[in-house]
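The structure appears right after this line, and notes come after that.
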Amino acid sequence: MRGKLLPLAGLYLVQGLPYGLQSGLLPVLLRAGGLSLTRVGLAKVLYAPWLLKLAWAPLVDAQGSARAWVTRSTAGLGLVCGLLAGLPPPGAGQAGLPAAVAGLLLLLNLGAAMQDVALDALAVQLLEPAELGPGNTVQVVAYKLGAALAGGALLALLPTFSWPQLFLLLAATYWLAAALAWAAPALRRLPQQPPSEQRPHTAHLLRDVLAVPGTVWTAGFVLTYKLGEQGASSLFPLLLLDHGVSAPELGLWNGVGAVVCSIAGSSLGGTLLAKHWKLLPLLRSVLRFRLGGLACQTALVFHLDTLGASMDAGTILRGSALLSLCLQHFLGGLVTTVTFTGMMRCSQLAPRALQATHYSLLATLELLGKLLLGTLAGGLADGLGPHPCFLLLLILSAFPVLYLDLAPSTFL
């Protein structure tokens, strides 16, 4: 199994680089180059290709092997980074992002989204059912480490590395990963698709995908299982900021602490699944723990506004609030790994010619569910007030626990 997990770890690590690059490193580079905050924010439009993953997933299924797609897309990402290294960085006084840089960053997102589709399809084909738990732990942890390296470690190198040097370093990393994808023995042993399965019936593609056992239920679950959690994780740190917690302290707990706890939770999820814990009972237990954690966090939100409540340094309330952030990220990482294992198990039931499309559908719905409440939570808090908003988030977190009672046998 190690021969499979090590190359997957390397590939998922580089898959996380574009997210870290554009969420952590790029905004600082653009701002340091003199762009306004508005212009820096508008650069997020370049994420658009990620919303279209499902459009080219059938192409990955129909043309060539997933290994070939991973190799080509990863090498292409290295080429784009090499071209970016040859362009001057945004300079002071520029009205916006230079067109050439913006175009290459758009290509970077396109290649990264295509690599995401192909790599998930590769993992679905490569891993045996007993390997899904450790495999999904590798997926989640390596991706988060890659994002942290691009958004944090490279950011720390800014004083000594120039724009060209940073992107040349990224290009070399991608080319090494492409060589790994092509040469890894475990990936070379993947069976080729039979010619009859090379091209799915595109006219009925969605119907064929939804006909895979357990797909409709799994789609509903992945769309809703993070609603309450994402809303709370977006709002709670801001409420703590409003009540006197400093931005640096909040950054430490909700940044470094959150990543460490999330990785620990993901690792525990993979360990429990590797020890042959049943997926559905484990998921039910974790969701109940998460619901209890959110209930405690909701109680803290109510207590913050009571007369005499103090968030001064050293108080029990302050410590409880900061620890609740870490607890929710730990449980969030745990539930993510278990859920991704269920998604991959469901996609393995699809014909090989549909697996990339099938998993991309589930992954897109999972992302949509996370973005939905993360985006709307602020508006709900402003419109309803923090107390009713957190009660609503608590109800939304209870829904997946009840929804598990309808789980099909394929999710057991």
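Don't overthink the numbers, they just go from 1 along the chain as shown.
Keep in mind that glycine also has a Cβ here, set from the backbone N, Cα and C atoms.
Swiss-Prot annotations:
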type	residues	note
TRANSMEM	10-30	transmembrane segment
TRANSMEM	40-60	transmembrane segment
TRANSMEM	73-93	transmembrane segment
TRANSMEM	94-114	transmembrane segment
TRANSMEM	138-158	transmembrane segment
TRANSMEM	166-186	transmembrane segment
TRANSMEM	209-229	transmembrane segment
TRANSMEM	250-270	transmembrane segment
TRANSMEM	291-311	transmembrane segment
TRANSMEM	321-341	transmembrane segment
TRANSMEM	361-381	transmembrane segment
TRANSMEM	384-404	transmembrane segment
Top stretch among 73-93, 138-158, 166-186, 209-229, 321-341 for CB pairs under 8 A with the transmembrane segment (361-381)?
209-229
Which residues of the chain, 6 or more past the ends of the transmembrane segment (209-229), have a CB below 8 A from one of its CBs?
287, 290, 294, 328, 332, 335, 339, 342-343, 346-347, 349-350, 354, 357-358, 361-362, 365-366, 368-370, 372-373, 393-400, 403-404, 406-411
Mind pulling out the one from 94-114, 138-158, 166-186 with the most Cβ pairs under 8 angstroms to the transmembrane segment (250-270)?
138-158
